[in-house]
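For reference, TrEMBL has these:
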type	residues	note
DOMAIN	8-375	domain 'PTS EIIC type-3'
TRANSMEM	32-53	transmembrane segment
TRANSMEM	73-94	transmembrane segment
TRANSMEM	132-160	transmembrane segment
TRANSMEM	180-201	transmembrane segment
TRANSMEM	221-241	transmembrane segment
TRANSMEM	285-307	transmembrane segment
TRANSMEM	319-339	transmembrane segment
TRANSMEM	345-368	transmembrane segment
C-alpha cells in the first residue's frame, strides 16, 4: 500500500496538477461556469411553465408564450454565452483584452454555426419576408462547437498580438480605443478563416464537433450506468489522494453535464413529462442522489463522528454537519482525514458507487423523475 501511495504522490499527482492548470481546460471550465446564473434563473421559468397543477396551467395558458421568453433567451442561447465566456477566460491567461476576445469568440461561433435563412414570401400573421437565423443552433446542442471555435479565435488573436500583427496606436490614445484597433486585423483573420471554412469549403464545424463528441457524451452523461459509475469513481479516486477530483474532470465533464441538463430542460419545456427526458446522468443527479453530504457520500460519517467517544472526532463532526447538508465536505475529507487513509478510503469509494447504482435503477424504473432544473 505504501508503494502505491508513493507512486501516486510521485507520478500521478504532478501529472494531474499539470492537467488541472492547463490554460485551455481552465478557460473551458471558467467560461462554462460563468453561464451558471443564466442557466439557474432560466430553469426557474421551466418550473413556472410546468407546475403540475391543472388550475395553474389553465390560468397561464393565454400568456404561456410570454413566460417562455426568459427561458429562450437564457437557456436557449447558452452556446452563445459560453462562447463569450470561454474566449474571455482564455484571454485572461494571455493578458489580452477580454471584451475583444469574447466578442471575437462569439463572431467565430456564429460564422461557423449559423447560416441565415432567406424567406422570400411573407406569410401574413406568421412571418415577414427577410433573412432569419435559427436560434436552435445557439442552444446547448452547439455548446461544444462554441467552445472549440472560441478557443481557436482567441489563439489567433493571441498569435497576432504576440507577433505584432496588429494596429498599434500611440500611448496617448485611450485604452478602449487602442484595444479596439489592436483587434482589427485578428478580427479580419477570424472572419476569413471561419467564413471560408463554412461557405468556401462547405464544412460545418459545429455539426462535426457535436458528432465527434457524441459517443463520449453518451457514455458519460447519457443513460449509461458504466459511464456514470466511471465518472463517480474517478472523482472520489482523486479525492482519496488529496486531489480535487472535480477540478481535474471539470473541464471535460462540465460542458457535457451542462449540455445534458439544458437538453432535458428544453424537452421538459416542450412536453412537461419529466420521465421521458433524454439524459439521466446530469450534474444535478450526481449532486442530489449520489453525493449525500458531498463527494464520497460522507454525511453518514459526519453523523457518526458527532456521537463518537473521541473529543476530536465529535468536534469535527459538529463542525462538518451544516456544510455537509450543502454537499461541502472538505473539512471531513482533510480533517478525519480520509485522504491517504486506507481504512476510510474503501467506504469513501464504494458508497457513492452504491448510491449511483441504486439511484440509476430508481430513475429507470420510474420511481423518481429525471432532472430538468439546473438548481
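Cβ atoms here come from the backbone N, Cα and C positions, even for glycine.
Here the transmembrane segment (73-94) has Cβ contacts under 8 Å with residues 23-24, 26-28, 30-35, 38-39, 41-43, 45-46, 100-106, 108-110, 113, 135, 137-143, 145-147, 149-151, 153-155, 157-158, 161, 255, 258, 262, 265-266 of the same chain, all six or more residues outside its ends. Taking residue pairs at least 6 apart in sequence, the transmembrane segment (180-201) and the transmembrane segment (285-307) share fewer than three C-beta contacts under 8 angstroms. Within its own chain, the transmembrane segment (221-241) has Cβ neighbours under 8 Å at 5, 8-9, 12-13, 16, 248-249, 253, 256-257, 259-260, 278-282, 285-286, 290, 295-296, 333, 338-340, 345, 348-349, 352-353, 356-357, 360, 364, counting only residues six or more beyond its boundaries.
Beyond the transmembrane segment (319-339), the same-chain residues lying 6 or more positions past its ends with a Cβ under 8 Å from any Cβ of the stretch are 239-242, 287, 291, 293-296, 298-299, 301-303, 305-306, 313, 345, 348. Beyond the transmembrane segment (132-160), the same-chain residues lying 6 or more positions past its ends with a Cβ under 8 Å from any Cβ of the stretch are 24, 27-28, 31-32, 72, 75-80, 82-84, 86-87, 90-91, 94, 96, 100-101, 104-105, 107-109, 112-117, 119, 166, 183, 185-186, 189-190, 193-194, 205-207, 209-210, 213, 255, 258-259, 262-263, 266.
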